[in-house]
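**Q** For 25-31, 26-39, the entry in Swiss-Prot reads disulfide bond. Taken from Swiss-Prot, the feature cysteine amide covers 39.
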């Protein structure tokens, strides 16, 4: 990813943290690995 994506991800971190436990991605190990910012 580039710097612009990182900045956007930083701004979204709080919202992601609130929704992570309900995100269906987080019950999929492959998705979790590719989206650590969502599922941590």
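Glycine too: its Cβ is placed from the backbone N, Cα and C atoms.
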**Q** Enter the number of other CB atoms within 10 angstroms of the CB of residue 26 (disulfide bond).
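**A** Its Cβ shell of radius 10 Å holds 16 other Cβ atoms.
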**Q** Can you tell me the three-state DSSP label for residue 25 (disulfide bond)?
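**A** Where residue 25 (disulfide bond) sits, the three-state DSSP reduction gives helix.
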**Q** What Cα-Cα separation, expressed in whole Å, is found between residue 31 (disulfide bond) and residue 39 (disulfide bond)?
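**A** Residue 31 (disulfide bond) and residue 39 (disulfide bond) have their Cα atoms 9 Å apart.
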**Q** How many other Cβ atoms sit within 10 Å of the Cβ of residue 31 (disulfide bond)?
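**A** Around the Cβ of residue 31 (disulfide bond), 14 other Cβ atoms lie within 10 Å.
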**Q** Applying a 10 Å Cβ distance cut-off over all chains shown, what neighbour count does residue 25 (disulfide bond) have?
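**A** So the Cβ neighbour count for residue 25 (disulfide bond) comes to 13.
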**Q** Just to verify a number: CA distance, residue 39 (disulfide bond) to residue 25 (disulfide bond), in angstrom, no decimals.
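**A** Residue 25 (disulfide bond) has its Cα 8 Å from the Cα of residue 39 (disulfide bond).
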**Q** Per DSSP, to which secondary structure element type does residue 31 (disulfide bond) belong, with helix, strand and coil as the options?
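**A** Helix, per DSSP.
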**Q** Just counting, how many other CB atoms are there within 10 A of the CB of residue 39 (disulfide bond)?
**A** 18
